[in-house]
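If you check TrEMBL, you get these features:
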type	residues	note
TRANSMEM	B:21-40	transmembrane segment
TRANSMEM	B:46-65	transmembrane segment
TRANSMEM	B:72-92	transmembrane segment
TRANSMEM	B:98-120	transmembrane segment
TRANSMEM	B:125-142	transmembrane segment
TRANSMEM	B:175-196	transmembrane segment
TRANSMEM	B:223-242	transmembrane segment
TRANSMEM	B:262-287	transmembrane segment
TRANSMEM	B:299-319	transmembrane segment
Amino acid sequence: MTAPLLETRNLVIRFGGVIAANDVSLTITAGRNLAIIGPNGAGKTTFLNICTGWIKPSSGQVLFEGEDVTPLPPRAIVRKGVARAFQIPQLFTEHTALENLLIAVAARDRLRNPFMDLHRIPERDEMMHLLEMVKCADAAHRPVVELPEGQRKLVDIAVALALRPRLLLMDEPTSGVASSEKHRIMEILVEALAERKVTSVFVEHDMGIVERHAEEVAVWNAGNVQLRGTPREILDHPDVIRDVIGEAV
Amino acid sequence: MTHATEPDKSRQGRPAGGPSMAGTVLPLAGLALLALVPLGAPGMQLLVNLALAKGLAVAGVSVLLRAGQVSFGHALYFAVAAYAGAFLMTALPGADLALVLLAGLLGAVVAGVCVGLFVVRYRGIFFGMLNLAFSMIFWSFLEKFYHITGGADGIRLPRPAVLGMDLDRASFELVLFYLTLTLVLGLGWATIRWLASPAGQIFQTLKTNETRLEYLGVSPRRALLWGYLVSAALCGIGGALMGVTQGVVTPEYAWWIRSGEMVFIAVLGGAGSVRGAFVGALIYELVRTYASAYAGDVWQMLLGGFLLVIILFAPRGVIGMIETLAHRGEARK
Ligand SMILES: Nc1ncnc2c1ncn2[C@@H]1O[C@H](COP(=O)(O)OP(=O)(O)OP(=O)(O)O)[C@@H](O)[C@H]1O
Ligand SMILES: [Mg+2]
């Protein structure tokens with residue numbers, strides 16, 4: 001049996017009186033997209049923070065492809081093939097959307113030539129296509145600071161994708177995106193991920209999207225995984241209807 | 001990058017590679033004009049030479065401004081390089097000018113690594129003040145260890161040879177002037193290119209989002225260290241040139257007012273602009289020299305007032321005003 005893509009073992013972290021991770025053990029299998037759902041403050045973002053080394057758990061382990069990455073800084077985990085899109089987009093606001101992607105490529109490939117213009121790197125067209133894919137081609141040459149929140153979220157995802165990860169963690173990828181666009185963009189995104197053999201984990205509040213695009217669902221509650229199963233099993237579960245879906249409605 | 005003070009090639013429809021008015025033509029015209037100074041206005045030759053040497057150091061400070069960091073201690077590298085040159089001349093009388101400059105560069109880079117490894121852990125006011133602290137320590141070292149450094153009197157720097165030749169004073173000054181001009185052109189160009197390159201752009205992202213940088217697999221501290229070394233190297237070459245031009249180096253080179261002056265000139269010329277650093281340095285030295293010739297302390301008032309006007313009405317500095325005018329001129333064509 002091959003090791004799971006990502007595995008956490010008994011993660012615990014406490015912020016003051018809040019237990020944001022309470023003995024979280026979860027495996028993520030390559031090729032199976034996992035949706036994380038759960039009420040506000042359940043610890044979903046904290047889980048992504050721990051998996052990527054941003055926050056160190058007080059106990060427990062994170063393994064990526066069987067290797068213990070718990071002590072590593074985010075940049076080292078990223079280099080192993082984990083990319084992240086954030087709940088609040090993390091972009092270079094004075095740079096254009098395209099430049100954000102070009103910089104991601106420059107970082108990925110450690111481009112050092114001091115006399116080559118960033119705009120002249122061979123991947124420029126590829127990055128333009130990536131922006132088109134997330135429907136942000138019109139934003140390519142505008143500084144990120146001028147973009148609406150929804151577009152920034154999509155550019156943030158494109159930046160993560162530009163790293164060519166094997167695992168992509170997305171925190172509410174389409175929040176802030178107009179609901180008329182949401183489904184279409186998720187459709188394109190999931191297809192592109194499959195094509196590139198990228199496994200995704202996404203935190204999502206929209207149950208329609210979860211149902212359509214996740215192969216598995218994990219329900220977070222009070223810092224732990226309360227339930228895990230296929231979208232059908234989870235969305236029909238009475239506890240989920242009461243605690244999560246009920247709240248969203 | 002949408003930086004205000006460098007002309008932006010990426011967004012405009014201008015065909016790639018064509019020289020722009022503000023970016024290329026004006027700076028080259030300016031340099032050509034300066035090249036005529038020894039012939040047309042020999043009285044200003046020394047002043048321009050010193051201003052350009054200082055401009056190189058200011059360009060170093062400007063590089064850091066691109067990453068959103070202000071150093072209030074960069075006179076450290078200016079002084080380290082000048083003293084490194086002076087020590088070399090003391091140890092090897094008659095050494096070549098190129099060797100003096102190399103010694104200065106090496107000194108500045110070595111100091112940059114030592115101090116840099118420490119200061120890149122800090123940002124904002126802490127970064128600025130730590131740099132200041134290191135420069136003050138070096139200043140008191142220069143003052144107190146007079147058996148090594150000559151104390152407050154400093155070290156005399158005899159005229160170095162140029163490619164093996166011993167030149168008389170006038171010829172040496174002429175060589176130095178054109179060498180400085182060449183270095184301004186070469187290093188200015190190289191710095192602008194580096195800032196536009198992948199590594200230079202990564203360095204500038206420190207200004208807006210270190211979290212994303214970390215999540216691109218890059219160490220923000222290491223990115224800052226590279227830029228810090230570029231800035232120390234520029235300051236160093238400026239300082240070494242200043243040392244040979246003046247023929248004497250004193251602890252005043254490391255004095256904190258010198259560091260503040262570099263930041264002042266950077267903002268005056270256009271914060272973060274390499275071209276602005278030289279324009280700012282020329283204006284600064286001209287105003288200082290000619291205004292103080294008329295009345296005692298009037299130059300500080302003039303420059304202070306000028307800076308006030310810049311910050312309030314033209315935050316992109318003098319170079320920003322020049323570029324706006326140039327773009328307008330181009331648009332009208
Ligand atoms: N760095 C931190 N310092 C202190 N408290 C934190 C920190 N990060 C998270 N918390 C707390 O931990 C709890 C879980 O937060 P987390 O952001 O993981 O929730 P979430 O499930 O992502 O919620 P949401 O759906 O609102 O994004 C919250 O009570 C939050 O206030
Ligand atoms: Mg969250």
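Glycine too: its Cβ is placed from the backbone N, Cα and C atoms.
Just so you know, TrEMBL annotations are computer predictions that nobody has curated.
Counting only same-chain residues 6+ beyond the ends of the transmembrane segment (B:46-65), those with a CB under 8 A from a CB of the stretch are 34, 37, 71, 74-75, 77-78, 173, 176-177, 180-181, 183-184, 187-188, 191, 195, 227-228, 230-235, 237-239, 241-242, 245-246, 262-263, 265-266, 269, 271-274, 276-278, 280-282, 284-286, 289.
Fewer than three CB pairs closer than 8 A are found between the transmembrane segment (B:262-287) and the transmembrane segment (B:125-142), and contact between the two stretches is not assigned (pairs 6 or more residues apart).
Counting C-beta pairs under 8 angstroms (sequence separation of 6 or more), the transmembrane segment (B:175-196) fails to reach the transmembrane segment (B:299-319), with fewer than 3 such pairs. Within the chain, the transmembrane segment (B:98-120) has long-range Cβ neighbours (under 8 A, six or more residues past its boundaries) at 76-77, 80-85, 87-89, 92, 127, 130-131, 134, 160, 163, 221-222, 224-225, 228-229, 231-233, 235-237, 239-241, 243-244.
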